[in-house]
């Protein structure tokens, strides 16, 4: 028995598809570039580490401006979420083509391949990205490796599809006036001229094109309102789709709690010492050293960020205590065990005047969830490398 699917919406056609396509053409490059920059930001510890020929050229990630990683990661995740309604609308607008026979013409076959890579790639990136934001790893494979490789599949499909379809998109956009469509009510809505996307036997319209644009635009605005709070501190209560744990007295988001780390209480108790190689310092001895305060953001791969006031000992002062006046870098180790328990810092990151081994935040001692007895905080550094529960710092000469 052969099942035939009939697509009969009268508003589906090349013009509406091209409107959605234009929005994505303008916005998706921002998502792509910021995503790749975030990979570069991990420096000598990229995640995933081994990507073969997909390895990007690296450079020392800047420490100025201090909000650089907050901007790139916030844009990557936030814009990616906001664009979901547009992606779904674009997919709806072209779905008849996904159910047609494979073309024999090489150019059309290449176009179909680009469409499969584009649609499959972007849906994979959206699903894995949203699951990562919620810490839900039901897929059973490394999110970082899969998301990175999936991104390159999507990028290849995106570039190929744009190269093949850009002239068609321009012609379609010129075929109708956006202003006129926004003035066209439901009663006057008609199908576009014959085209492979246009239903030959359409149903009566139940929504105008301006209605469809309003629904998609409303979805974008709604998601923006529910997402922006993950980056803008003043709007944190609106981030309903991206809840983050909070802890007192340090009332700001935390990814990994002390309980989740599995660290024993006595490992960060009175006997804790910071190992600098030839020197070991207690927390009281660290607190007796000259303290520096800096307002710095902390930003995580899940897209959230927050700016707080940190107080502690400058890393460059600790390097001097360790006998390394001009360190070329540093290796930081946490009391915690695991893949994110080590971080490598560059020379600029160590020597920046606001790079700290923080003991306090917002005038209060760090809570255990935020890294007590001491944690690293460095301008523009990805949050996963701002190591909590620091056990040792090795400064390279």
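Note: Cβ is positioned from N, Cα and C throughout, glycine not excepted.
Taken from TrEMBL, the feature domain 'Oxidoreductase molybdopterin-binding' applies to 271-395.
The region 'Disordered' feature in TrEMBL is assigned to 184-205. Here the region 'Disordered' (184-205) has long-range neighbours at 6-15, 17, 93-94, 96-97, 100, 175-176, 211, meaning same-chain residues at least 6 beyond its ends whose C-beta is under 8 angstroms from one of its own.
Per TrEMBL, transmembrane segment is recorded for 67-92 (among others). Through the fold, the transmembrane segment (67-92) approaches residues 12, 17, 20-21, 23-24, 27-28, 30-31, 34-35, 37-38, 41, 61, 119, 122-123, 125-126, 129-130, 133, 212, 216, 219-220, 223-224, 227-228, 230-231, 241, 297, 299-303, 305, 307, 380-382 of its own chain, all at least 6 residues removed from its boundaries and within a Cβ separation under 8 Å.
With a cut-off of 8 Å between Cβ atoms, the residues of this chain six or more beyond the transmembrane segment (113-135) that come close are 77, 80-81, 84, 87, 91, 94, 97-98, 143, 146-147, 150-151, 153-158, 160-161, 164, 242, 301-303. Look at TrEMBL and you will find 113-135 (among others) tagged as transmembrane segment.
If one looks beyond the transmembrane segment (141-164) by at least 6 residues along the same chain, the residues whose Cβ comes under 8 Å of a Cβ in the stretch are 25, 28, 32, 35-36, 39, 47-48, 51, 54, 107, 110-111, 113-122, 124-125, 128-129, 131-132. The annotation transmembrane segment is assigned in TrEMBL to 141-164 (among others).
Residues or ranges marked as transmembrane segment by TrEMBL: 212-232 (among others).
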Taking every residue in the domain 'Oxidoreductase molybdopterin-binding' (271-395), what is their average pLDDT?
95
Helix, strand and coil residues within the domain 'Oxidoreductase molybdopterin-binding' (271-395) as assigned by DSSP:
21 helix, 51 strand, 53 coil
